[in-house]
Amino acid sequence: MKTRDMNRDWIATAETLSSALPYLQRYDDAIVVIKLGGHAMGSDEGMESFARDVVLLRQVGVNPVIVHGGGPMINALLDKLQIKSEFVNGKRVTDAATMEVVEMVLSGMVNKRIVQAINAQGGKGIGLSGKDANLITCEATDPALGFVGTPSEVNADMLKNLFEKEFIPVIAPIGSGTAGETFNINGDTAAGAVAAALKADRLLLLTDVAGVKNAEGVVVTELKAADVEEMTAAGVIAGGMIPKTETALAAVRGGVRACTIVDGRVPNAVLLELFTDHGAGSMIRS
């Protein structure tokens, strides 16, 4: 005969699952685009945890799409090859030599690491870049930035076809130009374009900061578009946070219900943001 004492941990687990029910119902068949920043990838254990969360999303009926970065990995290889990098407003200046390294790291090393992690958890991760099936078509952002592209069109139908087969798309932010060029796309920008094209229910930008902070250094949990514009004009939002908030504004104005800048270092950050009252970052709405 088996016996078991009911302890507080088990009861707390059951209560957590029960309280998540309204959120699970809300996100049934929802599209959630997740930007996984290079700084948020962390250790193998962190990647395993992230992959488990993504597979869980798929299991409960959510259609997740991963768009990833890889800045630290790109920098490491550029340093090894003694190729210098410059940044303008958070965007990497990309010459031909740098573009080769960027594509090698993003489409090869980083993309396949994420796909492998998802598949190891029982998911059906499939690796793509924006060049596959013209997934992301680009225009040059600024001649001064070299091969840096701004998305002009996203093949949303291809992603929807993958959802029907229960695949989890993992997208490297590399795009094609109309003349056959290869462009480096800021990962946040690529994620925002994908989310807008899909009219996603949520866009989550996972990074290595707690969220958008006010002038006193306190994380602001909810912001309107006007708040973001005011804080940017005042210099409170600056540096690498600018592309993220610009992405958030473009996404919500393009039809995404909400965008949250999430601290990807927090365990189970994606689940906390979607399925609890607490959340895990700064949510931006129109």
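Note that Cβ sites are derived from N, Cα and C of the backbone, with glycine treated the same way.
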Can you find which of Arg52, Arg58, Arg92, Arg202 Swiss-Prot lists as binding substrate at the same site as Gly70, Gly71, Asn184? Arg92
For the binding-site residues listed here (Gly70, Gly71), which one has the lowest count of neighbouring CB atoms within 10 Å of its own CB? Gly71
Cβ within 8 Å of the substrate site's Cβ centroid: which residues qualify beyond Gly70, Gly71, Arg92, Asn184? Gly38, Gly69, Ile74, Val102, Val105, Leu106, Pro173, Asn186, Gly187
Where does Gly70 (substrate binding site) sit by DSSP, helix, strand or coil? coil
